[in-house]
Every structure is written in C-alpha cells, then in structure tokens.
C-alpha cells in the first residue's frame, strides 16, 4: 500500500506563500502513515503512539491550510462532508497508486507486466486512515461528534466507492473472510417412553 503524503501537494500550490511552503516542507520531512506490526516493549509502543499523534497533528494542520486557501476561504464551523470530499479529490493528484481504467488491458491485474497511461490516485487505505485521524482531531479540537464532517455519510460512501473501484481495477479483494464455524454435533432425538406390546402378566 502506498504511503500517502497529503502535505507534499501543498508545496506546489501557487497560492501558498513561500514561508508557508517552508513550514509544510519541514512537517512533511517526517511524514509516515504506516504502523509497526512487530512485537515490542512498552517503550516502542510509546514511540508508535507518538508517531500517530504527530501524523494526526500534521494532517489537521494540512486540512486547516486547505480551508484557508479555499476560494472563498472556509471556516471550520462551515465545513461539511462535501468540503471533505473536495479535499480528498484534491489529494488524488499527488497519489502514487496506479488505478487501471476499464479500457486498459491491465484492468483487474494487481501486477501488470508493462507500464500504462492510467492515472495515479491515492490508495484507499491511505485515505481511510487519513479520515480516521482527521475525524479524531476534529473532536479533540472541540468539535462535536454530531457535526463531525469527517464522519458524514457522504464521506463513508465515497471511501467505500473508492475501495470497491480500486479493488476491481487492481484485482485486489478487500472482502473480509468469513469465519468458519466448527460443525455442530447432531442433537440427540427427544426421549420417548418405551411402550411394551407384550400382554400384562397376572
């Protein structure tokens, strides 16, 4: 899965000042969205939490910068799910994941044997993780869960659509494997009284 760097895109946006570019470039130098799966001690677990918190803060600052450079500028209180979708589509131009179009001969192939002209996009997993961090940051900065634009239904539907379309285009399945239940032993038949056909002896 490609690592998304949403901050990098702002470095080439013409309406951001030189000083702002320097600030964003410094923040982007340590960007990471991957998590470590190796077993570790309590110290490394603390470092992992720190990396997540740092990434969340950078993402939050990036979104704030996007709102300020929006035309017209937007305040966070007026931000809706539609503006979040605009932000996600804006980030697509800086994506690194090849998403094959249906007319491409490599459509549905996870490892195409040759290059093609299909566009690069942000990977679904990166967008999903980004929205998770921004959703948490919104509430940590005083936002109400009921008005959280990152949890809007339109955003959830968009992420699901991106996931499904990228899965088809790249031949990758995101379906969760169903847990196989162990076979259950057949229930014993209900107890029935034994009726004797022999005549009663007197």
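These residue numbers are counts, starting from 1, taken along the chain as shown.
A Cβ is built for glycine as well, from the same backbone N, Cα and C atoms used for every other residue.
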*Ranges 33-53, 54-74: which does TrEMBL label region 'Disordered'?*
33-53
_DSSP-derived helix, strand and coil totals, residue by residue, for the domain 'ALOG' (51-178)_ = 76 helix, 4 strand, 48 coil
